[in-house]
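Sequence annotations record features per position, and here Swiss-Prot assigns disulfide bond to CYS109-CYS131, CYS302-CYS360, CYS306-CYS362 based on sequence analysis. For 52-170, the entry in Swiss-Prot reads domain 'CUB'. Per Swiss-Prot, N-linked glycosylation site is recorded for ASN276. If you look up Swiss-Prot, you'll see 1-23 marked as signal peptide.
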Amino acid sequence: MHRLILVSILVCANFCCYRDTFATPQSASIKALRNANLRRDESNHLTDLYRRDENIRVTGTGHVQSPRFPNSYPRNLLLTWRLHSQEKTRIQLAFDHQFGLEEAENDICRYDFVEVEDVSESSTVVRGRWCGHKEIPPRITSRTNQIKITFQSDDYFVAKPGFKIYYSFVEDFQPEAASEINWESVTSSFSGVSYHSPSVMDSTLTADALDKAIAEFDTVEDLLKYFNPASWQDDLENLYMDTPRYRGRSYHERKSKVDLDRLNDDVKRYSCTPRNHSVNLREELKLTNAVFFPRCLLVQRCGGNCGCGTLNWKSCTCSSGKTVKKYHEVLKFEPGHFKRRGKAKNMALVDIQLDHHERCDCICSSRPPR
């Protein structure tokens with residue numbers, strides 16, 4: 001009797017100890033991962049997300065950084081630095097070349113990231129959010145005398161070295177230009193054509209006129225010279241100093257001056273180009289008494305438009321500048337009865353000629369073909 005009771009106790013104890021092993025592999029792995037990543041203090045007690053909000057008065061140079069930089073930062077952090085400088089100054093941020101956080105998911109920084117926001121009395125604007133290791137964030141200058149930096153890490157993966165941001169203030173603050181732009185008449189000459197360069201005094205230049213003028217320029221330098229001949233070099237330097245105010249989810253990567261020039265050149269080079277076009281063979285060859293297999297073929301034909309690369313684009317058409325004929329082998333059928341055996345006289349492999357456009361030109365009525 002005592003042996004039977006002892007056996008029952010052993011069976012029950014063994015079953016109770018291992019009943020958790022019947023959980024699904026997925027739930028077991030998730031549970032183990034979460035338990036392994038719970039934040040604990042020095043006494044091994046579980047703690048919540050660590051939060052800290054710090055105000056910094058910017059009177060010179062300094063820096064903020066992720067904890068333990070340049071080593072791996074801790075998990076479960078939410079740190080905020082609010083930087084303030086004196087009136088009529090701005091704050092400039094520069095990231096250390098050592099930068100690395102947890103990688104993005106589908107190009108979105110969801111988990112570990114550092115974020116910079118412009119702060120004013122009326123609004124808060126996100127200047128950028130960064131993570132991963134591929135890109136060192138660019139230099140940032142605040143729009144006002146306040147800026148906010150936020151660092152967040154979740155309870156899973158961490159990375160190193162983290163980040164370090166150097167801050168300083170910029171003197172001689174000038175308010176941003178008003179939304180209503182005026183224009184000052186300044187004459188400059190490009191390609192023998194005179195234009196009025198926009199500044200801040202004359203309100204006669206319309207958007208259509210400005211758009212037409214911009215079509216003349218091939219480089220960013222020429223465009224900025226047109227806007228402000230006296231200060232275009234400073235404008236060029238400042239143009240690539242600040243990041244955009246808002247980055248959408250589909251943001252690609254910041255373009256340099258060379259990239260912008262290349263994009264503009266690509267538009268002019270490829271807007272009117274030969275491209276694949278499918279043609280119906282009966283319609284193309286104007287044959288009504290035959291059919292072909294395949295019914296359609298791909299040929300190179302001019303396509304696109306001239307609207308972004310030339311002046312007076314409304315009078316321009318994209319036309320072939322060089323046409324060649326190429327042979328294609330197809331199966332041709334002619335109406336009639338088909339024999340089930342033997343050679344059918346009304347079916348044969350034939351060579352046909354189709355026009356292919358090798359070069360395309362923008363033909364404008366206001367000027368001869370280029």
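Keep in mind that glycine also has a Cβ here, set from the backbone N, Cα and C atoms.
Where Swiss-Prot records a feature, it is marked here on the structure.
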| residue | record | Cβ neighbours (10 Å) |
| --- | --- | --- |
| CYS109 | disulfide bond | 19 |
| CYS131 | disulfide bond | 24 |
| ASN276 | N-linked glycosylation site | 9 |
| CYS302 | disulfide bond | 21 |
| CYS306 | disulfide bond | 23 |
| CYS360 | disulfide bond | 23 |
| CYS362 | disulfide bond | 23 |
>> Run through CYS109, CYS131, ASN276 for me and report the recorded positions whose CA is within 10 Å of the CA of CYS302 (disulfide bond), in sequence order.
In response: ASN276
> Between CYS362 (disulfide bond) and ASN276 (N-linked glycosylation site), how far is it from one CA atom to the other, in Å?
Replying inline: 18
>> Could you tell me the mean pLDDT the prediction assigns to the domain 'CUB' (52-170)?
In response: 91
>> Is it possible to list how many residues within the domain 'CUB' (52-170) are helical, extended or coil according to DSSP?
In response: 0 helix, 59 strand, 60 coil
> Listing them in sequence order, which of the recorded positions CYS109, CYS131, ASN276 have their Cα within 10 Å of that of CYS306 (disulfide bond)?
Replying inline: none
> Expressed to the nearest Å, what is the distance separating CYS360 (disulfide bond) and the residue listed as 'N-linked glycosylation site' at their Cα atoms?
Replying inline: 13
> According to DSSP, does ASN276 (N-linked glycosylation site) fall in a helix, a strand, or coil?
Replying inline: strand
> Measuring Cα to Cα, how many angstrom lie between CYS131 (disulfide bond) and the residue listed as 'N-linked glycosylation site'?
Replying inline: 41
